[in-house]
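Here's the structure, in structure tokens; my notes come after.
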Amino acid sequence: MEKVFVSPMTYRQGEDILWNHLDDILAFGKKGLLVTDGFVYQMVGEKLLKKLINQGGKISSWLVEEERVQDEFDYVIALGGGRAIDLGKSLAFESNRCCVVVPTSASTDAPTSRISVEYRDGYFKKYAYYAKSPDLVLVDTAILVNSPAHFLASGIADGLATSIEARTVRENLGVNTLGAMPTLASAAIAEKCREVLFEYSEAAVEANKKQEITPAFEAVVEANTLLSGIGFESGGLSIAHALHNAMVSLWGSEIKGSHGQIIALTTLQHLQIEDRKEELDEYQKLFEKLNLPVSYEELSIFPSAEELRKVTELAFSPEDGIIRSQSPATKEQVYQTLLTFRKTREI
């Protein structure tokens, strides 16, 4: 089987990087479409729109809470968090247009990937795969440092799942998100992501709380965004994300937690399923320091045994990570593990 590695065409990160590279955005064509939400538009989007227009760009905007006006465009600027980025990538790639991604937090590894997650009424629906990666990713740490620190912590959890899942894919000769074997490069990037996050996460979160751009903050932003993004996409997904998707498929918006917060829990479950006790202890200690969930109840979910049976069945979807990674985990093994992550028990 062939090996495949993908990445964004260009990734730039640093303080004020967005405002210093407006010409790079305008180089993608005459007409741009800014995709963002109302909150981010007020925070950053309106300023970006005006600056691009002042430099000769013809830019229209679509706030994702509203119905889209059918404007023509040569490129899309996806500005914001996961939803705006996913919708922006979807619109750009399905229209065969260029895509610029500008994240406003380091809460997920979505900015660099050629994948979007589709939800319906808050419930996980499916992954959407595209033929190309974003053309330009601009990660402005002056913007990110002003986002709440719990967003950064969520991204850390998502990033720490990367090496674990990529390892499962490699060890079992599974396939990555591209349906191919992972490269040595993707494995190295996934492991570097883990190394950086264990070394700098606590210091980065403290810097974020103080709104200080420090070397630790810069390192964790890069790990959450670039290293994790390449690591998961080219390295592959497995148990942790399959369990996440199963949970969101079953409970949807009943879960009171972000993507990364859910992944914190399912990463611990992944490690327990694989009987990696030392790593499980190491990860759980860090997650507790970062106030990340380590039980269902911390996500406001109080699952019955029957519901956890359903989660198990959903996690073994042929399109999801357990099957694609060729994990040897059995349904009964997964189910019994999930039961241990309930603080409360049925009477």
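Even glycines carry a Cβ here, placed using N, Cα and C.
According to TrEMBL:
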{"type": "BINDING", "residues": "ASP37, GLY82, ARG83, ALA84, ILE85, ASP86, THR104, SER105, ALA106, SER107, SER113, TYR119", "note": "NAD(+) binding site"}
{"type": "BINDING", "residues": "ASP109, ASP158, HIS241, HIS259", "note": "glycerol binding site"}
In the same chain, which residues outside the set ASP109, ASP158, HIS241, HIS259 have their CB within 8 A of the centroid of the CB atoms that define the glycerol site? THR108, ALA110, ALA157, GLY159, ALA161, SER228, PHE232, HIS244, GLY260, ILE263
Using Cα coordinates, what distance in whole Å links ASP109 (glycerol binding site) and ARG83 (NAD(+) binding site)? 12
Where the distance is taken from Cα to Cα, which of the binding-site residues ASP158, HIS241, HIS259 turns out closest to ASP37 (NAD(+) binding site)? HIS259
Nearest recorded site to ARG83 (NAD(+) binding site) by CA-CA distance, among binding-site residues ASP158, HIS241, HIS259: HIS259
Under 8 Å by Cβ from HIS259 (glycerol binding site), same chain, sequence gap 6 or more: GLY82, SER107, THR108, SER154, ASP158, HIS244
Cα distance (Å, whole number) from HIS241 (glycerol binding site) to THR104 (NAD(+) binding site): 23
When you tally the Cβ atoms that lie within 10 Å of each candidate's Cβ, which of the binding-site residues (THR104, SER113) has the highest tally? SER113
Assigned conformation of ASP37 (NAD(+) binding site) - DSSP reduced to three states: coil
Recorded glycerol site residues ASP109, ASP158, HIS241, HIS259, farthest C-alpha pair in Å: 13
CB neighbours of ILE85 (NAD(+) binding site) within 10 A? 27
Counting all other Cβ atoms within 10 Å across every protein chain shown, which of the binding-site residues ARG83, HIS241 scores highest? HIS241
What are the non-local neighbours of ALA106 (NAD(+) binding site), defined as same-chain residues 6+ apart in sequence with CB under 8 A from its CB? VAL139, LEU144, SER147, PHE151, LEU152, GLY155, VAL220, VAL221, ASN224, THR225
